[in-house]
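Peer 1: This is the structure I want to talk about, given as structure tokens.
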Amino acid sequence: MAQGLIEVERKFTPGPDTEERLQKLGATLEHRVTFRDTYYDTSELSLMLSDHWLRQREGSGWEFKCPGVTGVSGPHNEYVEVTSESAIVTQLFELLGSGEQETAGVAAVLGRLKLQEVASFITTRSSWKLALSGAHEEESLLTVDLDSTDFGYAVGEVEAVVHEKAEVPAALEKIISVSSMLGVPAQEKAPAKLLVYLQRFRPQDYQRLLEADSSGEATGDSVP
């Protein structure tokens, strides 16, 4: 993904007929893949508590998701996705305040920034592309991902990618429309894979995120 694009996404709980509904809507199955995601944070969860998410995806490299548009309510999220390692390192040093920045890749600065693995799991994903209202441009397509994890959790996501904040409301309308056509209840909020992983395997960290969310310090439902 190009640097600085804004992801607008909504998670949902897939049903037994979700793929059939996608086919009836004219969606195209792009691929089925299996990959491992590993998330990193400090022991104090400094990144997650500020709604920043550092992930290394097997075969794809590093990705850092930062808060995007604010002030748009509802069961959806907006993130700016950073994939350039130099840009990720710059933002990590700014957030974690660890002195003079190094010129190095992400893996090389994990120790200095006291970042450690907090979650690692395997996902099997079927990824679909769907055009609405006859739109055929690549950036007008919506992506629908259906994921199942090696710890027994399944979740779906409808995603649009835009360049500017002004484009977010229109993208959100498309996401809401597709979600409705897939039979997703209007206010459904399906938890992210990472949150469910923490709830099951690191309950103390999960509780810290919930407490911060309830106090307005973090957004527990907005895990990418």
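The backbone N, Cα and C atoms fix where each Cβ goes, and this holds for glycine too.
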Peer 1: Quick check: of Asp17, Asp37, Asp145, which does Swiss-Prot put in the same Mg(2+) site as Glu7, Glu9, Glu157, Glu159?
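Peer 2: Looking through Asp17, Asp37, Asp145, the residue Swiss-Prot assigns to the Mg(2+) site is Asp145.
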Peer 1: Taking each of Lys11, Arg55, Arg57, Lys65, Lys193 in turn, which of these binding-site residues have a Cα lying within 10 angstroms of the Cα of Glu157 (Mg(2+) binding site)?
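Peer 2: Within 10 Å Cα-Cα: Lys11.
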Peer 1: Could you tell me the mean pLDDT over the domain 'CYTH' (5-201), as a whole number?
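Peer 2: A mean pLDDT of 89 is what the model gives the domain 'CYTH' (5-201).
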Peer 1: If you count the C-beta atoms lying within 10 Å of each candidate's C-beta, which of the binding-site residues Arg57, Arg125, Lys193 ends up with the smallest number?
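Peer 2: Selected from the binding-site residues Arg57, Arg125, Lys193 on minimum Cβ neighbours within 10 Å: Arg57.
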